[in-house]
Structure formats: structure tokens, C-alpha cells
Ligand code: DX5
Ligand code: ZN
């Protein structure tokens, strides 16, 4: 049995009962609360904006893990931090000046993450890996919850874990999309140490038990 961090995604919460769902996570073993921000341009969907994330932050007792699926992250970074983000993750595919964006996140006092779409090789992180706190491997195409896990993710996690071991052994390796008890164990065995789970947590009969078991795969 290996322990890992779990970051349930609010995208799968009941938006008519946000306070109830955040309080459920507060009294669970969740380590973070994952917040998906979409702009309808980088991904073909829109989730929620900062009035909603501020409402989540007002009730949350767990640190917030922001995942920005937007074409231009720069104008949103300060609002994320003001909304209580402890981690801000931007997409490699959306950042022309990734190093500058990472520095801007650090200047705000947050941890910086870089997310990779399923087709993006982990090797692109080689020159930035020791400047970041987290790498997020998308195990579905970003934009929607409830999609099927892409098995090629296992190989990417293994490669990234080997890269991290050499230059940044404290790197958080977060997996996002279609995570369930079926794939969690292999993900953690291959080197993942942080799992996002939306539907698998919120659609389960007892979300707190589900979080408990995901932490010990
Ligand atoms: C998808 C988001 C995910 C999503 C995961 O683009 O980045 O965080 O909420 O949802 P599940 O776990 O249902 O695939
Ligand atoms: Zn996400």
C-alpha cells in the first residue's frame, strides 16, 4: 500500500450545493481541492469564474489547487491567488513564455505547476523541471469531467518520475482525468504522488470513503 495526495475536483460537485460539498471535503481526508478554470478557447467548455471560486474559498479549509485551462493565463494569476490558490498550474501548450509565467506564479507566493495534454511528451519539461513544484499529466483531453482514462498515461508517469528523481525529487506528479480505483494503484506505483478525482469521488455513494481509499492504493 502506498499513500498519495488526493485533490477532488469541484467540477463534479453539485453547483447548487457548493457549500455542502466543500464542507464534505473539509471533513474528508482530501489533501487539496482541485479547481478547474476554463475559458472556452483553450478547451471547448467553460466551468466557473472567480465569483464562484471565491465562494469555494470562503468555505474551504483545505488548500486550493488551481488548474488553468485557458489560452492566456497571465491575467488570471493574481485572481487565483486572491481566491486562495496554494498551487497554480498552467498548460505547457498555452504558455509561450513558460519560464516567465512560472516566475510570476512564484512571485505571488504560490506553488507553480505545468500541465501536459495527452499528446505532449514529458520531455518538454526537461529545461523547466527544476523550477516547478508540480507537473500535471492529463489522462484525458482537458475540458470535461467524466471521461475515460487514457492508458498511455502510465508510460508518461514512469518517464516523468525518472526525470524528477534526477533533478527535482520533491516534484508533485499529479494525474488528472478518469482516475478511479482501477488505475490509481498503477499510477502511484509508476511514480504519481497526487491524484485528481472528480466523478469518481462525487458520484460515489460515500465520497469520503472513496477519498480514504484513493489515498491508500
Ligand atoms: C478535466 C479537468 C478535470 C476533471 C476531472 O478537464 O481538468 O480536473 O474535473 O474529472 P474526472 O475525474 O471526472 O475525469
Ligand atoms: Zn483539472
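Positions of Cβ are set from backbone N, Cα and C atoms, glycine also.
Since we're looking at a predicted model, the values are computed, not measured.
Residues 67, 143, 144, 145, 146, 176, 177, 178, 198, 199 are given by TrEMBL as substrate binders; from 7, 9, that same site also lists 9. Taking CA atoms as the reference points, residue 143 (substrate binding site) and residue 176 (active site, proton donor) are 11 Å apart. The two recorded residues, residue 178 (substrate binding site) and residue 36 (active site, proton acceptor), have Cα atoms 15 Å apart. Most Cβ neighbours within 10 Å, among the binding-site residues 9, 199: 9 holds that distinction in the structure as shown. For the binding-site residues shown (143, 145, 178), fewest C-beta neighbours within 10 angstroms: 143.
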